[in-house]
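Listed in TrEMBL for this protein:
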ACT_SITE  E91  active site, proton acceptor
ACT_SITE  C342  active site, S-methylcysteine intermediate
BINDING   C111, C115, C118  [4Fe-4S] cluster binding site
BINDING   G165, E166, S197, S219, L220, H221, N299  S-adenosyl-L-methionine binding site
DOMAIN    97-337  domain 'Radical SAM core'
Amino acid sequence: MTANLLDFDLEGLAVFCERLGEKRFRATQLFRWIHQKGASQFDEMSDLAKSLREKLKTTAHVQAPGIITQHISSDGTIKWLFDVGAGDAVEAVFIPEDDRGTLCISSQAGCAVGCRFCSTGHQGFSRNLTAGEIIAQLWFAEHFLRKHLNTPERVISNVVMMGMGEPLQNYAALVQALRVMLDDHAYGLSRRRVTVSTSGVVPMMDRLGADCPVALAVSLHAPNDALRDNLVPLNRKYPIAELLDACKRYLAFAPRDFITFEYCMLDGVNDTPQHAAELVKLVRQEPGNWCKFNLIPFNPFPASGLTRSPQATVLAFAKVLSDAGIVTTIRKTRGDDIDAACGQLAGDVKDRTGVQKRITIQRTVMLKPVVEIAPSGQGDVVNG
Ligand code: SF4
């Protein structure tokens, strides 16, 4: 079996080149061809010696997981379902905006955390993605979009690790993939433009701060332990006080001087003015504007038994936070017509048998828009 070069960061590729009897600097050339130019055929790599290209043909390949489906929303959001083998599939979503292009990436097939409002959580955990499978989502999307939009310029300016899975429960692969995203010989993304979203794996938050401090978003969703224990079961292990302490420690390393708290608005569950006031009290224990809130309209799915808070409730909740001087945004949802919005990722993969069937049937429609429906004007992508 040959090596998939998407599995390597630059150092790993240098070691691979040395094993082939090549100088380490060849790895930089190879890395640029793969990640900056999207090359997957060694014959395209014209500044590599022919002898090296021949060696690579017998020892290596460059390949992302196959695409099962591609859905393009009327608002320009694109969702891909990747086949990662054995009936598992993961999703990535591209969200175009005027001043940026954001890719939401998955880190695991399924998720073990089991948040009540998340369809991935209801699916259960299957396995961790490899670093190569994580970076392949960016590699595929970036180079597909350049061709699709007919531009040589970079299309994806921001990456959010908010797709399927809890990134900090797949730490080693996550950090390797982050390093490729940040590497100037690959995507050269700034730390401020790469965000890891966590449900609160406290020890790994500290490690991320030390190893690869990118922007951090924390899925809070409740102002007290009793409620959060119910919505985010990981809270029983790392309760709110410990989580907030970890957030404050992370600030010393963070590329931005704040932590973003994600808060999914659930009708009658966590969305009253009293809950908002409790949140204010919680974060005001620490002085300064060290956090922001992002209120997320819930995207209902039948198994959750939960419903979306009415808009007036969300606005009233936001007002309590804003009046207390806390920067608060309400997430616009995007891609509703293709189920690309928050908590909807994995809706397509709950039935693993069904996935297998679709893999067979839908390969024939690979890379064609499958759904094109009227604008919804809503939706961001993000599970956590
Ligand atoms: S919200 Fe995030 S951490 Fe929670 S179950 Fe969904 S994917 Fe896992």
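Glycine is treated like the rest: Cβ placed from N, Cα and C.
Rounded to the nearest whole angstrom, the C-alpha distance between N299 (S-adenosyl-L-methionine binding site) and C111 ([4Fe-4S] cluster binding site) is 18. With a cut-off of 6 Å between Cβ and the nearest atom of ligand 1, the binding-site residues C111, C118, L220 reduce to C111, C118.
Rounded to the nearest whole angstrom, the C-alpha distance between S219 (S-adenosyl-L-methionine binding site) and C118 ([4Fe-4S] cluster binding site) is 11.
For the binding-site residues C111, C115, counting C-beta atoms within 10 A of each C-beta gives the highest total at C111.
Checking Cα-Cα distances from C111 ([4Fe-4S] cluster binding site) against the recorded positions (E91, G165, E166, S197) with a 10 Å cut-off leaves G165, E166, in sequence order.
Secondary structure at N299 (S-adenosyl-L-methionine binding site), taken from DSSP and collapsed to helix, strand or coil, is coil. Neighbour density for S197 (S-adenosyl-L-methionine binding site): within 10 A of its CB lie 23 other CB atoms from the protein chains shown. The distance from the Cα of G165 (S-adenosyl-L-methionine binding site) to the Cα of E91 (active site, proton acceptor) comes to 10 Å.
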